[in-house]
Structure formats: structure tokens, C-alpha cells
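A.B. asks: Here's a structure for you.
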Amino acid sequence: MRMGSCLAGSVAAVVAVCLLLLPAASLAQLQVGFYNTSCPNAEALVRQVVTAAFANNSGVAPGVIRLHFHDCFVRGCDASVLLSVNPGGGRTERVAAPNFPSLRGFEVIDAAKAAVERSCPRTVSCADILAFAARDSVNLTGNSFYQVPAGRRDGNVSSEDEALDNLLGPNSTAQVLIDGFLKKGLNTEDMVVLSGSHTIGRSHCDSFLFKNRERLANGTISPAYQALLEALCPPTTGPTTLIRTDMDVSTPTVLDNNYYKLLPLNLGLHFSDDQLVRNATLVPFASAFAANETLWKEKFAAAMIKMGNIEVKTGTQGEIRLNCSIVNPSSSAAEIEMLMFPSSTSDAAAAEEIATS
């Protein structure tokens, strides 16, 4: 109990420093306790939904954390990843290759949104609900709580092409990872810190199998580990192969620093994971986090807050969606009915497959 209290206090102190270091514009736009007056039970309602979903399926937590990450890296943290229909036409982020069929957690956010809407109609954005749910997922898996500055507004555009342009893949080199995070205002340490989220969750065969054969040839993956992966994944593995494996072979359901301990043992699942111990700039960070879990958890909470500030919409920008999967209607009864009961579309059907996979 005492250790948990110390860790919580330590995380809170680092988060406070992180908030002070955020750009003044971000501090003016987002604030802790944003809904204290307009919807005081918003965060509690989200937490209840996430906790119930996690009790039924622990895979909910890594799914929601990744959902928040993929939202923020495309058009900022505006819940654009949740849209199943793009008003401007074209395919949405949800069906882009980096997201489909692996992205999950949509049904949890929908349930949280429904709970909040019943209590505080048209008040809390889907983007904030996603940020709260990601924080709760971190707490459930790692016993690490942090305050989430809120006040985000929801966007009304979602583009498959933008997802392809901005999301980093599992075969990214160290330099591609560094540059990709820098483009979003996150530094090299932030990248290594947030990569540690791979200590929970599972990954599809197509994201690691073939690149790891190259790693086997150059000695950067354990032969025994690769043999297990080869036995798991069929020879016909492709983008729609739904077989998955844990990303952390030791503690796959606990948000801890074990991810960093596995990398020097050549037990990183993805090529991008392995890059953290092959690049001279990245190794000191990975080694420090392997040696000190408390340090990593402090840095992780601060980096999640920093990521949650990427290109946010506030004030009169965007909207507060009534249904997280589609933008609000204008005024007609037909549009309102479509909002509450969306019709089937190719993207909506794809999203349903994601949720149940």
C-alpha cells in the first residue's frame, strides 16, 4: 500500500511539472477538471464503463490506449479515428491498413459516451472520453493514475490517406520513429517512453512474421522465439490473418517495464521495438527504463498527457458529437434518426469486425 501511494505521489509530481512545461496555448485550452461544473461525474462514468469492460476482457485496456495514440497522431486528438462515415466522402481512418483489422476498443468508447450522454447531454466530447478511457486503462493495468487535462472538441473529418501518412508501422527504423514523433511535437525520449505501452496487448502475425525472418538472419531475434512465432502464424499469413500473440512474453497483461528488459535478450516482437536497443541515441533511454520501473511510469504518465495535447480543437472549433461514430446532423428529423441509429456502411461494418476480433 505504501509503495503504491509513493508511486502515485511521484507520478503526480512529474505530471505537475509536465503541465508547466506544456506550451501556454495548450494550458489555456485544456484544463484538469474542465467538466467539474458542466458534468461533474463525467470521468467517474467513463471509469465505470472501462472498468466493467476490462473485467470482462483485459484486452480492452491496451486496445483503448492504442486507440488514443492512433487518434492523436492523425489530425490531432479529435476523435477522428472513431468516425465510421466521412461527411466529405472517402474512406475513414478506421479502415486504413495500420488500423484494420487490429484497432479495437470502439465499443467501449461508445458505451462510455452513452453513459455520459444520459447524465450530461451534448456536453462531453468523444475526444475527451477517449483520453479519460486511455488514462483509466493505464491505471487498471499499471496502477498508475494521472490527471487528464480536458476541453477537447471533436473533429468532423476522417481520412484513410492521412492515417497512412501519419501512423508509424511495426517495421519502422529508429530514425523514422524519431522523425515521426518529432513531427507531432514529441521528442526522442517521449518516443522511447510511449513505446513501452507494448508491454501489454497483442499483435497480429502480419505485423512481425516476415520482418523477423530478416532479424533471424542478422541475429537480432532469439531463434527459439522466432521458432515459436513461426509455429503460431500460418505460412499464408497476410493483412487479414487474425491470429495474434502477446507483445510481452513474460507479463503481457501488466503495464510494467518488462518490455525494456526483454529487448536486450532479443525478445522484442517487432522490428521497431528492437530498434530501441540498436540505436546509440535510444539505448540509454531503454536501459534506464529497464533498470527503473518507477522512473518509466512517471515518464509514461507525462508523455501521455503531452501526446493528448497534439493539435487539439477547443472553444468553438469542431463539435461535441452525440454519437462518436458519425458527425452531428444539421437539423432534419431523418438526419437525427441516422445519428441515433446509423445505417450500415462499409466502414461501419469494418469497425464492427474490429470490435469483435
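The backbone N, Cα and C atoms fix where each Cβ goes, and this holds for glycine too.
The shown structure was predicted, so the numbers you read here are calculated from the model rather than taken from an experiment.
Straight from TrEMBL, here's the annotation block:
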SIGNAL    1-28  signal peptide
DOMAIN    29-328  domain 'Plant heme peroxidase family profile'
DISULFID  Cys39-Cys120  disulfide bond
SITE      Arg66  site 'Transition state stabilizer'
ACT_SITE  His70  active site, proton acceptor
BINDING   Asp71, Val74, Gly76, Asp78, Ser80, Glu93  Ca(2+) 1 binding site
DISULFID  Cys72-Cys77  disulfide bond
DISULFID  Cys126-Cys324  disulfide bond
BINDING   His198  heme b binding site
BINDING   Thr199, Asp248, Thr251, Asp256  Ca(2+) 2 binding site
DISULFID  Cys205-Cys233  disulfide bond
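Could you place the listed features in the three-dimensional structure?
C.D. replies: In this view, His70 (active site, proton acceptor) is surrounded by 22 other Cβ atoms within 10 Å of its Cβ, with every protein chain counted.
With a cut-off of 8 Å between CB atoms and residues at least 6 apart in sequence, the same chain places Ser80, Val81, Glu93, Ser159, Glu162, Ala163, Asn166, Leu167 near Val74 (Ca(2+) 1 binding site), listed in sequence order.
Non-local neighbourhood of Cys324 (disulfide bond): Ala79, Leu82, Leu83, Phe106, Ile109, Asp110, Lys113, Cys126, Ile129, Asp154, each in the same chain, at least six residues away, with C-beta under 8 Å from its C-beta.
Counting only same-chain residues six or more apart in sequence, the Cβ atoms lying under 8 angstroms from the Cβ of His198 (heme b binding site) belong to Met247, Asp248, Tyr259, Leu269, His270, Asp273.
Other Cβ atoms within 10 Å of the Cβ of Asp256 (Ca(2+) 2 binding site) number 21 in total over all chains.
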A.B. asks: Sort out for me which one of Cys126, Cys205 has the most neighbouring CB atoms within 10 A, since those are the disulfide-bonded residues we care about.
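C.D. replies: Max Cβ neighbours within 10 Å, all protein chains included: Cys126.
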A.B. asks: Using all protein chains shown, find which of the disulfide-bonded residues Cys72, Cys233 scores highest when you count other CB atoms within 10 A of its CB.
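C.D. replies: Most Cβ neighbours within 10 Å: Cys72.
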A.B. asks: In the structure shown, with every protein chain counted, which of the recorded positions Ser80, Cys120 has the densest set of Cβ atoms within 10 angstroms of its Cβ?
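C.D. replies: The residue with the densest Cβ neighbourhood is Ser80.
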A.B. asks: Distance check, please: Cα of His70 (active site, proton acceptor) against Cα of Gly76 (Ca(2+) 1 binding site), rounded to an integer number of angstrom.
C.D. replies: 9
A.B. asks: Relative to the Cβ of Thr251 (Ca(2+) 2 binding site), which residues of the same chain, six or more apart in sequence, are found under 8 Å away?
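C.D. replies: The list for Thr251 (Ca(2+) 2 binding site) reads Thr199, Asn258, given in order along the sequence.
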A.B. asks: Restricting the comparison to the recorded positions Cys39, Cys77, Cys120, Cys233, Asp256, which residue's C-alpha is spatially nearest the C-alpha of Asp71 (Ca(2+) 1 binding site)?
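C.D. replies: Closest recorded candidate to Asp71 (Ca(2+) 1 binding site) by Cα: Cys77.
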